[in-house]
Each structure stands twice: as C-alpha cells, then as structure tokens.
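Below is one structure, written out as structure tokens, with a few remarks after it.
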Amino acid sequence: MTSPWSAFPVQIPQPSIRGLSQITKSLFISNGVAANNKLLLSSNQITTVINVSVEVANTFYEDIQYVQVPVVDAPVARLSNFFDSVADRIHSVEMQKGRTLLHCAAGVSRSAALCLAYLMKYHAMSLVDAHTWTKSCRPIIRPNSGFWEQLIHYELQLFGKNTMQMMDSPMGRIPDIYEKETRLMIPL
C-alpha cells in the first residue's frame, strides 16, 4: 500500500465542476459530457475511462481503454459489488504510469463513491478523510444514501472500525457528516 498522500498533487488544483477534477496524480472525476471531450482527455493524459452509468454512452477513442460499470444512481443499487475491481483497476493504471478518469452522469454520486472506495483501499484513508479530500477537489460530490451505507460497511471491512455512521433526519437516512448542513436546512 502506498502512503495516503504519496499520489496526491503537490498543490491542490482549483476545483472544477464542469471539467475534470483531479483527485490524485493519476485519478480524475467528471460528468459524462466532459468524459466524452477528446481535448479534455488528451490534455489531462487520460489513458483509461471508467464509465459508472447506464445512461451515458462512451465516445471511443483508440488510444484510451474503456471500462463500463453499469450501475444506476439509486440507493438500492449494489455499487459495492464494484468497489474492489474498480479500485484495483485504478491502481493498476497508476502502476503503469497511466491516468484514469472515473465518471458517471453528473460526477456527483456514483463516481465519487467509487473514488472514496479507492482512496480507502489504496491510500489507507478513513472514509471521513477520503470524503474531505475528494470534496476539496470536487465540491459537488454527494453519494446517495445507499452508497454511503455501502461505503461505511466497506470501511469497516478494510479497517475494522468506522469514522462515520448513518443517522435519521427529516430528509431520510444521511451520513453524520451531513448533519450540520441538514440542520441548517431543516431543524432536526
């Protein structure tokens, strides 16, 4: 396992919500539109695109490898079935000096959840730390509640403890890291 910060950029790049958001030296997140933009892919030296959606079609470019992860953005979807295989693929691409773009339709829920799983597995980051880092790079991330439950379970599997938990709110089950902002919107 590499140290938690060894693959991170020396300076945190400016967060982007329309283009590609750089998470580590070799991992980016985006939405489906940006993922099909050849100029963005080539200027960021992307060698592998992982499409975590059923609704976004790939535009295949010959110099890029593509992986399809057909998962809908619904709390009942079993994204956790792909935590290890996607994390392993991202790590493999990095070891070959490549760069991975992980995307879903909006770059908010599915791709973010898989990014968090990767950071936990290969950078030994807690779920809270992985979320804090990823949100600093891409402020719009917000995995759905079902993905959070799966990530919390995955953190327990990896480390034998949890750094966050789900809680009840007027908006339904939410991770406790959202308690403060939820309280500001709706008194709990």
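Any Cβ shown, glycine's included, is placed from N, Cα and C.
Per Swiss-Prot, the feature active site, phosphocysteine intermediate maps to CYS104; the stated evidence is sequence analysis. Annotation for CYS104 (active site, phosphocysteine intermediate): same-chain Cβ neighbours under 8 Å, separated by at least 6 residues, are ASN31, GLY32, ASN51, VAL52, SER53, VAL56, ASP73, ARG110, SER111.
Per Swiss-Prot, domain 'Tyrosine-protein phosphatase' is recorded for 19-160, and the stated evidence type is sequence analysis. The helix, strand and coil residue counts that DSSP assigns across the domain 'Tyrosine-protein phosphatase' (19-160) are 67 helix, 18 strand, 57 coil.
According to Swiss-Prot, the region 'Sufficient for mitochondrial localization' annotation covers 95-141.
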